[in-house]
Amino acid sequence: MPKRNDIKTILVIGSGPIIIGQAAEFDYAGTQACLALKEEGYRVILVNSNPATIMTDKEIADKVYIEPLTHDFIARIIRKEQPDALLPTLGGQTGLNMAIQLHESGVLQDNNVQLLGTELTSIQQAEDREMFRTLMNDLNVPVPESDIVNTVEQAFKFKEQVGYPLIVRPAFTMGGTGGGICHNDEELHEIVSNGLHYSPATQCLLEKSIAGFKEIEYEVMRDKNDNAIVVCNMENIDPVGIHTGDSIVVAPSQTLSDVEYQMLRDVSLKVIRALGIEGGCNVQLALDPHSFDYYIIEVNPRVSRSSALASKATGYPIAKLAAKIAVGLTLDEMLNPITGTSYAAFEPTLDYVISKIPRFPFDKFEKGERELGTQMKATGEVMAIGRTYEESLLKAIRSLEYGVHHLGLPNGESFDLDYIKERISHQDDERLFFIGEAIRRGTTLEEIHNMTQIDYFFLHKFQNIIDIEHQLKEHQGDLEYLKYAKDYGFSDKTIAHRFNMTEEEVYQLRMENDIKPVYKMVDTCAAEFESSTPYYYGTYETENESIVTDKEKILVLGSGPIRIGQGVEFDYATVHAVWAIQKAGYEAIIVNNNPETVSTDFSISDKLYFEPLTEEDVMNIINLEKPKGVVVQFGGQTAINLADKLAKHGVKILGTSLENLNRAEDRKEFEALLRKINVPQPQGKTATSPEEALANAAEIGYPVVVRPSYVLGGRAMEIVDNDKELENYMTQAVKASPEHPVLVDRYLTGKEIEVDAICDGETVIIPGIMEHIERAGVHSGDSIAVYPPQTLTEDELATLEDYTIKLAKGLNIIGLINIQFVIAHDGVYVLEVNPRSSRTVPFLSKITDIPMAQLAMRAIIGEKLTDMGYQEGVQPYAEGVFVKAPVFSFNKLKNVDITLGPEMKSTGEVMGKDTTLEKALFKGLTGSGVEVKDHGTVLMTVSDKDKEEVVKLAQRLNEVGYKILATSGTANKLAEYDIPAEVVGKIGGENDLLTRIQNGDVQIVINTMTKGKEVERDGFQIRRTTVENGIPCLTSLDTANALTNVIESMTFTMRQM
């Protein structure tokens, strides 16, 4: 069937900011889809609120709108652009929910917009739990015994029929938001009320728990002629009960018999046909390990996290083909882009095993609740490819960057067996490593199976890994065993530990004896057809399929899994760097291990190596490809941390030299540079022991900021006010030592400013200066950034420009540099310098139309900025006002304090742009999920040091008609100024504030941190309760102030004469 000619313009909805449950996989899907539609000749309009994506680049669609993804804003775009059709299935749950709202409100009908791809009735049938269950019953497909509830009372009725445990799944949410497993009445009450709150339809499905069944997924495609195929089937190692996004996944499935595989395949295709899905779809099934009984768990009628994984696992570009199916093309008339000879209707075949392991944020949130269930907690994931299951698992483990390199924890020997078994009996993110530890101690596989329900097949594989460890120990230095361990994915580091050698010695031993990996191609067809895709993985076999060319090559290191502090912004920079390398005539090679991103799409670079970002794995590639040099400044801290290790092997680091990278990080050298170029910084000292830190603080004066050197995203950084807090920090948060000193700095309160610049060694250009709304002390990634600055004087701007140029030249930067300044009462100080690409590069590139990462890469190759047409200094300002607002995923992370401070907590960002600051802020706040209302109730409970400041705020909110609730201390302060406030009780008292929050009486909470055990606990409970009830909680008065400005600009003030 030819494609549709009755439509010309298509609107694509993106997925918005990165949150837990909806990460970079949608940037990848959206980018592919927009390009595919343009390839077919359609005019594409994209709307997405996330500036950190490749998808929102001007080249990807014909028109790009970076606006909040709300019904109101998308409706405005539809009225303005008059598209013929809307494609909703590529923007995750956000895109689907928007399409449903636009349909229900009549916007699509009024503007004659058709929905492409899967029909709305099918989407609703898959998403609405009641309709889905009815359809499954009609098809005779078993679903777990369940009931749909709209109230907590109905939930208790169902519980009386079936008993515990029960699984709660809210309708129309993703990442399991609001869901969970209930074992008793208290949990049932809490989870169901939460779930009803988060479900747009106020509807939850309660089902009898089938935890312990195998969880199997099929990624399927169907077109309008009813051709349907399975692209990939995957098996979760963790049984049903853990969200698939938090499970360790293997593809293809390893433990299904052919009968089971075909049975579940038939069911998946039967369901997708009955639903009438056109495009990609994900089917999740539960299989009883002891019989042929199965249940269907759910169907996602859209491109998902699993489809990104399936695309990278097979090389089959699901999103691209789904977009083409949506405009009428069929599977039997589209060529598979990987082979170029076979059609898309051929099911991919794999001659390797892939492992996916989720990346959790608990290294950032040590107090977060680690227990895993049906609500997702991972921020990202890694994937690895191997020829054996063991090899792919071990490669995935060392891609995680947790400091674990193998099936065990670094301090594993110190745990006693009872503790290890206790940890295995709970489902959490470290269970896999504790299982390895238990097998090492001789625990039987039967005992582990009874505790975890993990299939024996996988337990035997774990056992094999431990057996090889013992063999290495018994045959130290034996080449036969070295080669054998390599076949099963062991790293040099692990072998060195068992051989009683250094990692370097093992590496040399391999080189001398020619024990090197070969690289195999990912070709979708297990070498059945000729294929020439430049997509490779390493393994220890005989035939190398990666043909090395004579062209000069540049290797770019990617940024690994998405985590807090290192998000999709770094992938954005990586992709732009690759494009610049290709334009300059070099061969561009990427090494990365994140299946969700655009950079690991094989069509981006000349060669993609899907490998762990470790010294060993990267060196193996360098030894084969012999590139001109390696670029580390676009891959975040992951890549920067590899620079000196690679340089030791004689690898050339392109761009800013290793010596200068270290000068920016090393405290003493950096201070010497600042003195030389005459740029002031807050007074600071270095401490290697608690005693030294206390002496430093006495000299500098409290408050001080303390942090370890060499970290990204402000890990383990704190502001402390007295000796006791400092002692506590030095003994508990960090273990300071001469190798790992702690920095103790004067904490300056003032405006925080962020600047990104590009330098070619001679000229420094500054695309933009951003002012933060939150004062210094809040991590730059969690602050609202404003461009152009709104409150700085000409003198301050001139000083910032001068200092930036001096720093870039003083450090001899080649490429990008990011600098944070604070403007205190007595002038401008530099807070920190990062000699690499930063979180704000995509944001500034979009605003100013200066392709920063590409210019930086051209400078690295040796081009001059003046030849590209740029003059030194701050570049002309773009018209309008732009804000970058942070987005948090606290509703998915229990026990995490949401107070903003020097440690980064946000998972994503949105951009708001308009003609005034207030309008831009309104869009930024709305896009980040803060509902801005022109009237309502605000609850204020602030620490003593903030009481004076909160008075002015309360006065202004009162004048625009907000009702004020306050705790007694805050209310007494307001009463002194005749500001009316209703007093609410402290926690546990009469009329207590938690109850008021839970009852929905409050629209905004303003709460600032008070130190001291009792109050800290209370404050923590207040903040958690607000998050769990979906209410904005502002922990910085600067944010509250900005919100008040926006509210004032929307309404009229009422003052008596």
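Keep in mind that glycine also has a Cβ here, set from the backbone N, Cα and C atoms.
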Per Swiss-Prot: ATP 2 is bound by ARG746, LEU748, GLU752, GLY777, VAL778, HIS779, SER780, GLN820, GLU832, and from ARG675, ARG707 the site also lists ARG707
One should report the C-alpha separation between GLN284 (ATP 1 binding site) and GLU832 (Mn(2+) 4 binding site), rounded to whole angstrom, as 47
ASN834 (Mn(2+) 4 binding site) sits from ARG129 (ATP 1 binding site) (Cα to Cα, rounded, in Å) at a distance of 49
Within 10 Å, the Cβ with the most other Cβ atoms among the binding-site residues ARG129, LYS208 is that of ARG129
For the binding-site residues GLU215, GLU832, the largest set of other C-beta atoms within 10 Å encircles the C-beta of GLU215
Here the mean pLDDT of the region 'Carboxyphosphate synthetic domain' (1-401) is 93
Closest by Cα to ASN834 (Mn(2+) 4 binding site), out of the binding-site residues LYS208, GLU215, ILE242, is ILE242
Across every protein chain in view, the count of C-beta atoms other than its own within 10 A of the C-beta of GLN284 (ATP 1 binding site) is 20
Densest Cβ environment (other Cβ within 10 Å) across the binding-site residues ILE242, ASN834 belongs to ILE242
Cα nearest GLU832 (Mn(2+) 4 binding site) among binding-site residues (LYS208, GLU215, ILE242) -> ILE242
